[in-house]
Structures are given as structure tokens and as C-alpha cells.
Amino acid sequence: MTHGRKFLESRLNDTLENGDKLFVPYIMAGDGGLNELIHKLQFLSEAGASAIEVGIPFSDPVADGPTIQEAGKRALEEQVTLYDVINTLKANRHLVDAPIIFMTYLNPIFKMGIESFVHDAKLAGVDGLIIPDLPYEQQTVIQGYLKEADIALIQLVSLTSSEQRIKHLAEASEGFTYAITVNGITGARSNVTENLNTYFKQLKQASSVPVLAGFGISTPEHVKQMSETTDGVIVGSKIVELFHQKDYESIKRLIDSSKSIIYK
Ligand SMILES: O=P(O)(O)OC[C@@H](O)[C@@H](O)c1c[nH]c2ccccc12
């Protein structure tokens, strides 16, 4: 099957039908050097990641907390750019089984040109895209190209959105719906937000794709807790930190906590 939205969505559905919850880790491309990128992707894919979110280093990451900002700085020091990430994937995508989602701010895309970015992302086997600083109303600048390339445009929904907007974003989302579970920036927290059931229910009702919870999830307990009322989780800062510490066992344990054998 060729890469793209359909591949991403069928992979996620297969996992859910199998009785497992979804686990989407986030990594910062170029943290630890560009050579590490494929190793990390292979490791996460083999460890059972449902899809992998790959962050593109950027100098002004407004939604990123300290852990991811630091990782971004390390990647920028290695001079890793969007071009490099795309070229590395073009050469090595076949080594990674899991769907790949790019998480990038708008600026690097503009620098490359929207049309050539989408074209090259397709050649690199990118299945989905998250652009945190591109509001829904402005997405028409890229939507047409993505549709043609069959790359999923994933919507971020925040807790402060009105009921109407939550519904609207959930209906529009492709691949999965990204339910932000805190008011603030990314980063591991000691407790996850409780009482999100109404929020998740609204999202589930309106989404034709799975609903994943993200922000502040950092332990197997958090994963299990959040997965009870959603289709699964996205874990960023904790994964970035564990890779930085080369604590591969803890990464495996986190991913395992979304699997049905352990989940039940
Ligand atoms: O780091 P956390 O709290 O586990 O949250 C995931 C998050 O890092 C990842 O999805 C992400 C990184 N940068 C972002 C910017 C906006 C939205 C999401 C993101």
C-alpha cells in the first residue's frame, strides 16, 4: 500500500480492531544528529508505535515546552533542516513500517514553498501532517495539495474551544483527531487532567477518525488512564527525554502500556 492518509487510517483502525489502544510517540528530528533519525523511527516502529510524529526543528516553537525546545535547539545546532529530514526519509522510508506524521510550524513550509513541500513530503512517504500555527480557517492554503497527495491533515483541538468549534474541527480532522488535554504548552506533568469525559465524548461523536489525547502524558499509568476514554495517546516530551538519556527500556514500557494484554 502506498503511503498517505488511507495507509495511516487503515493502520490505526486495524490496531483498534485488534483490541489495542493507539500510541503515537513524538520525536524531534535531528536531536542526537540526523543519523539517529532512522534508528529512532525503526526502534519505535518495532516497539509497536501506531504512528510516529516527527517534529521539524524550528527557531520559534510557540507551543513547545522546555523539553522539546531543548531538543529543537540541539537539532538546530546540528543544522538539521526540513530539507534534510525529507531527504533522509526519501532514502530510508522503506526501513520504517509505521505511518509517519510531520509536526511542523508553518515557517519551514513557507520557506520551501507549499507546493514543493507537499510534493517532496509525498515522495518521502509522509502519511500525515500537523501544523500547530495554522488555524483551521487558513488551511485552504495547503488543503488542496494535501488532498491531491493523499496526506492527512490532522486537527488539533483545545480545551478552550467552544462546543461548536470542537465539533467542527473533529468533523474536519483526517487520520486522527488530536485532543489537547491541558491549557498550555507541551511537557511532562505529574498528573493528567481529569474530568475530560464530556470533551472526549463530544470529539468521539463528531470524529469519523480515532480521537487521541496528547500533552502532559508521561507514565504508563497516564497512558492507561487517558486511553480508557479515548482511542489512545500521543507522548512527546517524555519520549524525547528518554531517547536523550538512551533509556530504551522505559520507552518500550510506555508503548506496551497501550497494548491490550496489559491494558485489560
Ligand atoms: O510533550 P507532550 O506534553 O507529551 O505533548 C505531545 C507533544 O509534544 C507533541 O505532539 C508536540 C510537539 N510540539 C507540538 C506543538 C503543538 C502540538 C503538539 C506538539
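Glycine is no exception: its Cβ is also placed from the backbone N, Cα and C atoms.
Heads up, TrEMBL stuff is auto-annotated, nobody curated it.
Feature annotations, reproduced from TrEMBL:
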{"type": "ACT_SITE", "residues": "Glu53", "note": "active site, proton acceptor"}
{"type": "ACT_SITE", "residues": "Asp64", "note": "active site, proton acceptor"}
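Across the fold, the C-alpha of Asp64 (active site, proton acceptor) and the C-alpha of Glu53 (active site, proton acceptor) stand 14 Å from each other. If you draw a 10 Å sphere around the CB of Glu53 (active site, proton acceptor), it holds 25 other CB atoms from the protein chains shown. A sphere of 10 angstroms centred on the C-beta of Asp64 (active site, proton acceptor) encloses 24 other C-beta atoms.
Under the three-state DSSP scheme, Glu53 (active site, proton acceptor) falls in the strand class.
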